[in-house]
Amino acid sequence: MAWFSLHLLHLLWAAAGTSTWARSSCSVPQAAQHLVDGLQVLLEDSVSSAAPPNPSVLIAMNLAGALSAEARELLADRLGASDSAGLSVGQLALTIMALNSSCRDPGNKVSVLYGQMEAWPPSSPSAPAWTFYGPSLAVLALCQEHPGRALPVAARLAKILAAGLSPFNTDTGAMVTLALTCMYNKIPEGSEEGYRTLFSQVLKDVVENISMRIKDNGIIGDVYSTGLAMQALSVTPEPPNKEWDCKKTMDTILKEIEQGKFHNPMSIAQILPSLKGKTYLDVPYVSCSPGHQVQPTLPSQPSPVPTSASNITVAYTINNQLKGVELVFNETIDVSVKDGSVLLVVLEEAQRRNPMFKFVTTMTSWGLVVSSINNIAESVHDRTYWQFLSGKTPLNEGVADYTPRDHEHITANFTQY
């Protein structure tokens with residue numbers, strides 16, 4: 001796909017620093033603006049000195065126009081002082097972009113990231129799609145810093161993707177699109193034409209794959225991948241074969257917000273830029289001039305009448321049938337918890353009643369992730385992890401966010417990716 005092939009559009013985009021989608025036909029209606037304001041307040045309230053600094057949160061705050069200067073400065077200070085050692089390429093790339101969006105110098109973090117990507121082993125074309133998410137973020141961050149230096153790294157990533165055989169992943173596809181669109185628009189003058197052809201072909205294939213994930217209600221992939229996918233589709237000057245109705249997507253997302261689907265800070269960070277008509281390509285153009293930010297007036301909500309919550313029963317199964325793992329088991333327990341409890345409460349009650357259900361969690365940018373059950377731990381080397389399902393459907397929320405229903409059957413299945 002020829003991204004920003006019209007030279008005039010390319011110049012306008014570079015000068016304005018904004019994406020070119022028709023915001024007038026895909027913007028948040030004034031009547032629903034309070035929903036977006038509420039999300040942003042919730043996001044910024046999640047920032048504290050006790051919580052791990054999340055660069056995605058800072059990027060979203062800056063793209064949206066931070067309401068709390070105190071929260072923004074706290075997050076920027078902590079990320080600026082963070083040690084690059086031990087960070088994945090994706091985490092380091094996000095940190096660089098977060099600092100740039102705050103008009104902070106990322107210092108030697110850029111050189112560290114470039115060194116990591118130079119040493120990045122070319123993955124097999126059949127590697128899981130998510131393994132390309134971090135490198136795509138790295139290409140995007142390096143493109144915004146020094147596109148000429150990023151060119152060979154981006155070309156290596158694009159060549160691997162061009163031969164890709166692994167199942168498509170919407171989040172990764174969206175990040176690939178943003179990264180290679182940045183590179184396509186910033187190919188240094190005098191570079192070989194082959195770079196443009198390579199990026200164009202990969203972009204065409206990836207965007208077509210994203211468009212095939214557009215559901216009838218406008219959701220792209222699932223509700224939590226839609227934010228990044230909106231960014232990706234909004235920066236393409238050449239629409240995919242399946243037309244994207246941006247307004248339908250926006251309307252459905254607003255309904256999901258109204259129903260309380262977005263309360264995890266990371267999920268808010270990924271949807272907020274699109275609600276504000278921004279993308280990660282706008283990071284270098286964020287204005288850092290001082291200005292008085294007015295806290296939005298949120299509609300007052302009537303105080304809920306205290307009620308005595310009834311109990312629900314959840315069937316909870318832990319299952320490991322992987323060959324080569326010493327302990328094989330399939331155990332089910334019925335757990336009674338208060339209605340409205342999150343899944344984590346179910347796991348804690350199961351663990352209290354039966355030590356076989358003992359579990360360990362790890363904190364990630366998306367919140368708590370279960371990393372071990374019954375002394376069987378996930379392993380990057382063996383590509384194993386604990387997948388949670390409702391019936392046969394994988395959950396798209398974490399254990400601290402998902403609220404099970406009465407008589408729902410939740411399974412934790414030890415599996416490979």
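Backbone N, Cα and C atoms are what each Cβ position is placed from, and that goes for glycine too.
Per Swiss-Prot, the features are as follows:
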BINDING   Asp171, Asp222, Gln270, 365-370, 386-395  cob(II)alamin binding site
DISULFID  Cys26-Cys246  disulfide bond
DISULFID  Cys103-Cys288  disulfide bond
DISULFID  Cys143-Cys182  disulfide bond
CARBOHYD  Asn100  N-linked glycosylation site
CARBOHYD  Asn209  N-linked glycosylation site
CARBOHYD  Asn311  N-linked glycosylation site
CARBOHYD  Asn330  N-linked glycosylation site
CARBOHYD  Asn413  N-linked glycosylation site
MOD_RES   Ser191  phosphoserine
SIGNAL    1-22  signal peptide
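Neighbour counts were taken as the number of other C-beta atoms within 10 angstroms of each residue's C-beta; across the recorded positions Cys288, Leu368, Leu389, the minimum falls on Cys288. Here the candidates are the recorded positions Cys143, Ser191, Cys246, Asn311, Asn330. The one whose C-alpha lies nearest to that of Lys392 (cob(II)alamin binding site) is Asn330. In terms of C-alpha distance, the listed binding-site residues Asp171, Leu368, Trp386, Leu389, Leu395 place Asp171 closest to Cys143 (disulfide bond). When the recorded positions Cys26, Cys182, Cys246, Leu395 are compared by the number of other CB atoms within 10 angstroms of each CB, Leu395 has the fewest. Across the disulfide-bonded residues listed here (Cys103, Cys143), the residue whose Cβ sits among the most other Cβ atoms within 10 Å is Cys143. Counting Cβ atoms from all protein chains shown, Asn100 (N-linked glycosylation site) has 20 others lying within 10 Å of its own Cβ.
For Cys103 (disulfide bond), the nearest neighbour among the binding-site residues Asp171, Leu368, Leu389, Leu395, judged by Cα separation, is Asp171.
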